[in-house]
Amino acid sequence: MVPRCQVEILYFAKSAEITGVRSETISVPQEIKALQLWHEIETRHPGLADVRNQETKLPLSPPLVEGSAFELSRKDMDKVEETSKDIIKFTAEKLSVDDVSQLVTSPLCGAISLFVGTTRNNFEGKKVISLEYEAYLPMAENEIRKICSHIRQKWPVKHIAVFHRLGLVPVSEASIIIAVSSAHRAASLEAVTYAIDTLKARVPIWKKELYEESSSSWKRNKECFWATNS
């Protein structure tokens, strides 16, 4: 008899809408390969076939515990100024450029570079009223920590902050803010560009566009590495 095991399958974005569930546990052979597992899942949910290349992400590490809101006073910041910080937060709350910028401020630095991604009001002739984001948090946080680590290997930066909003984001409001501080501007400018480009390519975050005519569409990120293989 072939040994079997229980596997928990997690569904996000369009996959969750198609299956009608966020997770389910199925019994599969212990030696099953990824493609065989997909065939098993598609047998249960045939509608998943058209999103196969977007939904193959499985957890690579245990869940990470989100830290505090990092609301430090000026005095507190002075005490820890010599310790570099990677500040990562996913939140349903409105993002503030000033607040995120303040988190990476350091008297040792002469530059703070920012990237702010906002909701625009149009896409291919359709009027967009808001965006909706969701993420697989354990993996998303882990991937962003890897990005921060890679940045520190490439550039002499001091502090890094990556804040991403989840849920509905109305037009003109920020969905993501990345802030990097460094002694000189070149390092932080290059680091911010690397951070957003790599985040778009590797972090499991899904976006739905909500249109004025009451329709919506989950948008496939053409930059993500698993989409380029389709």
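Don't overthink the numbers, they just go from 1 along the chain as shown.
Backbone N, Cα and C atoms are what each Cβ position is placed from, and that goes for glycine too.
The annotation substrate binding site is assigned in TrEMBL to His184, Arg185, Lys200, Lys207, Lys208, Glu209. The 10 Å shell around the Cβ of Lys208 (substrate binding site) contains 17 further Cβ atoms across the protein chains shown.
Within the set His184, Arg185, Lys200, Lys207, Lys208, Glu209 that the record links to substrate, no two Cα atoms are more than 38 Å apart, and one pair reaches that distance. Cβ neighbour count for Arg185 (substrate binding site): 13 (other Cβ atoms within 10 Å of its Cβ, all protein chains included).
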